[in-house]
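Undergrad: Under the heading domain 'RecF/RecN/SMC N-terminal', TrEMBL lists 2-346. Taken from TrEMBL, the feature ATP binding site covers G30, E31, N32, G33, S34, G35, K36, T37.
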Amino acid sequence: MHIEKLSLFGFKNYEEVALTFSNEVNCLVGENGSGKTNLLDAIHYLSMTRSAFNTIDSQNVKFGEEFFSIRGDFRLSEKALPVLCSYQEGKGKTFKVNKKEYARLSEHVGKLPVVLIAPNDTDIIRDGSEARRKFFDAIISQIDAEYLDNLISYSKYLKQRNSALKRFANVGRTDYELLKIYDEHIIGLSLYINQRRSDFIIDFEKLFQNHYDKLSEGNEKVSIHYRSEASDSDFKELYNNALRKDLALERTTMGVHKDDFRFTIEGKPLKKFGSQGQQKTFLVSLKMGHFDIIRELKGFKPILLLDDIFDKLDSRRIQHLMERVVNHDFGQIFITDAREERTRTILNELKISANFYRVNRGTVIQ
Ligand SMILES: Nc1ncnc2c1ncn2[C@@H]1O[C@H](COP(=O)(O)OP(=O)(O)OP(=O)(O)O)[C@@H](O)[C@H]1O
């Protein structure tokens, strides 16, 4: 699958631009703030129906304009697929594929997948457990629709249980029968979520480690551990034991909504002991693992969007990364870099041919 053409009107810092891409490597080069990432974001919009960086559509309309439109001509197994996403102040967003509008935007998500690796993705490593749960939950949900259903139900019951706990504190009386009903639902769902996360990480870690080893020449030992208070224990007992604390704090203090995925390097927490380059290598390997899963699931390769990927990586890791990206049959690739010479040198050394696009304040020279 690849995108052949992209046209923008009034999107972020672009008044009007139309580009034709290579179905292999495309490099977007130019100064900071020129609009390189905005082009990747436009492709992300066409895949995910929203921006990867600013989910408020109105803020993605060019300052002073009233609407934006993003058109992409995709090709999926030889079939042409024109995709049009437009947004107008007051009217909202419409999304059309082959001129046909979707009833719900969610119908489109997953049809033309992209994997984006961007600098602020290091949140997955540096932030609290929520960022990691979100990352893995999104991947598992792509593979297993039942998992997504269970997650949605779990968060619904959790919300209800938390408001009940608040209500009990306000009225000074606890309805134990009601709590029992919530707990039964929550425990059933937790068992599924817990087991699925645990099984998934065992498989995913192998994909991930394979990428990390290749990028780092196998010199560093990294791992991902799924951590759940509830693993190997009786959920019912855990909920009973936590009840006094839950009533005192007026919220559910224990459960799979607190799970974490521990990232380590040489057995130590990556966040504290990993260098910036090692953290970036870890992140890239996580995303490449995600790429593998989508490719397996869909039977075709997602588009790979690499935003400022070279920063913080040493030249050997960059070389291994690029070799992998090109030889490990990744499909269409977009790379942004503020340092054109660096990208040109890397690609020349590896004899990789690419299309270059010089971006300058919302204009692009191909
Ligand atoms: N709604 C908008 N209207 C006009 N300009 C916008 C809008 N949203 C963002 N911008 C502009 O887009 C520019 C940022 O573009 P982008 O993030 O693509 O830069 P970049 O080339 O990737 O830079 P860097 O090399 O620093 O990553 C900023 O100048 C910002 O002001």
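Glycine residues also receive a Cβ, built from the backbone N, Cα and C atoms like all the rest.
For each feature listed, report its degree of burial, its nearest neighbours and the pertinent distances within the displayed model.
TA: Every protein chain considered, the tally of other Cβ atoms within 10 Å of the Cβ of G35 (ATP binding site) stands at 24. Secondary structure at G35 (ATP binding site), taken from DSSP and collapsed to helix, strand or coil, is coil.
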Undergrad: Could you check the binding-site residues G30, G33 and say which one's CB has the most other CB atoms within 10 Å?
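TA: Counting every other Cβ within 10 Å of each candidate, the maximum falls on G30.
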Undergrad: Same chain, not part of G30, E31, N32, G33, S34, G35, K36, T37: whose C-beta falls within 8 angstroms of the C-beta centre of the ATP site? Give them in sequence order.
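TA: Going along the sequence, the neighbours appear as T336, A338, V359.
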Undergrad: List the same-chain residues at least 6 positions away in sequence whose Cβ sits under 8 Å from the Cβ of S34 (ATP binding site), in sequence order, or say none.
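TA: Within the chain, S34 (ATP binding site) has Cβ neighbours under 8 Å at V359, N360, R361, G362.
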Undergrad: Mind checking which of N32, T37 has the fewest other CB atoms within 10 A of its CB? They're the binding-site residues.
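TA: Fewest other Cβ atoms within 10 Å, among the binding-site residues N32, T37, is found for N32.
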Undergrad: Under 8 Å between C-beta atoms and at least six apart in sequence, can you list the same-chain neighbours of E31 (ATP binding site), or say none if there are none?
TA: A338, N360
Undergrad: Specify the count of other C-beta atoms within 10 Å of the C-beta of K36 (ATP binding site).
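TA: So the Cβ neighbour count for K36 (ATP binding site) comes to 25.
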Undergrad: Just checking: which of the binding-site residues E31, G35, K36, T37 have a C-beta under 6 Å from ligand 1?
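TA: Near the molecule: G35, K36, T37.
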